[in-house]
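Right, one structure below, let's go through it.
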């Protein structure tokens, strides 16, 4: 839970939604980069 | 030693469970929050936190799903916007109902029983479909277009105002509101994203083509998931640490699961998915029984059934993926459905 008790509940809830949104986008992009890097490596290994 | 307030074992459990749920999500096109919420309930998280975190996890997976389907998805934006409104109302009513039930001290019981019925029902549907696979293979061109009689009857109601759909058809606003509101109510009550009932509802009750139902379901689910997260976030009922750990696993699992749809034959897996749902419902039922009897022994069995069954199916999909690297002849089949 976001523990910023100084902030009103609606602001905390909005922040929470924003954090999850950013996290999901970052994970999607991050794993996408990882996939692009890993796929040629896996193909090289399996073809060897 | 604790990391992020969790023991290393629990931390590893959440990431690996998220990964396995992600594999299932990527393969079956379902968000997996229907497994997350009961698991959190079994781990003694309070019902509002389990439900709020389940909805937040669903929101995160929906974002990833929409990103994945951005280029290929077919979305009826007007229908999606209307559904978002009625889904939000339904979720709000459902969440209020949860807090009311919690005040009465029966929130865990009601959500648990609802899960048992829902998961068992879904499992039964999948098993029934598996049993009829041979028949479907005989005339599979007509299978996806086959609308049940009740669906045709509901679609035939032309009570104004009528809404024009992007696909060319028309649907009554009352039908859309009834279908969306009911799905939203269930989502808010038991903390599931609702994709596995929303997409069929759009397809069967509102009458859009299957591809449009998938895209529209994802689009509406994204916003309803955000709204559900906001609603439970207002009361601090979302455990961000748990949600983040689950998303780290599910984002990777979803990619692998999606790739597996082109490798694993759907027919081979669908029966196990149905069994997984039935076993999961049995797990929740045992958990409720354990609460009534005041014994912890049944809880262990229920966790095994719930988590073990989903892990077994996900492992089977992963096994097929690994086997495909050996050059085995693999079938190319689409996923069971594209909801979330």
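Each residue's number is its place along the chain shown, starting with 1.
Note: Cβ is positioned from N, Cα and C throughout, glycine not excepted.
Per TrEMBL, the feature transmembrane segment maps to B:12-36 (among others).
What TrEMBL records for B:48-67 (among others) is transmembrane segment.
The transmembrane segment annotation in TrEMBL covers B:79-99 (among others). Long-range contacts of the transmembrane segment (B:79-99) within the same chain: residues 47-48, 51, 55, 107, 111, 163, 165-166, 171, 173, 176-177, 180-190, 194, 198, 202, 206, 208, 216, 219-220, 223-224, 227-228, 231-232, 235, each at least 6 residues beyond the stretch ends and with a Cβ under 8 Å from a Cβ of the stretch.
Annotated transmembrane segment per TrEMBL: B:105-127 (among others), in sequence order. Packing against the transmembrane segment (B:105-127) from elsewhere in the chain are residues 34, 37-38, 41, 47-48, 51, 98-99, 186, 189-192, 196-197, 270-271, 273-282, 284-285, 287-288, 291, 336: each is 6 or more residues past its ends and has a CB under 8 Å from a CB in it.
Feature annotation from TrEMBL assigns transmembrane segment to B:171-196 (among others).
Positions annotated as transmembrane segment by TrEMBL: B:202-228 (among others).
Residues or ranges marked as transmembrane segment by TrEMBL: B:240-264 (among others).
Here TrEMBL flags B:270-293 (among others) as transmembrane segment.
Beyond the ends of the transmembrane segment (B:300-322), by six or more residues, the same chain brings 17, 19-21, 23-24, 27, 35, 38-39, 42, 253, 256-257, 259-260, 263-264, 268-269, 272-273, 275-276, 279-280, 282-287, 290, 330 to within a C-beta distance below 8 angstroms of the stretch. The transmembrane segment annotation in TrEMBL covers B:300-322 (among others).
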- Item | Other parts of the chain folded back onto the transmembrane segment (B:270-293), taken as Cβ under 8 Å at six or more residues beyond its ends | 24, 28, 35, 38, 41-42, 108-109, 112-113, 115-120, 122-130, 133, 299, 301-306, 308-310, 312-313, 316, 336
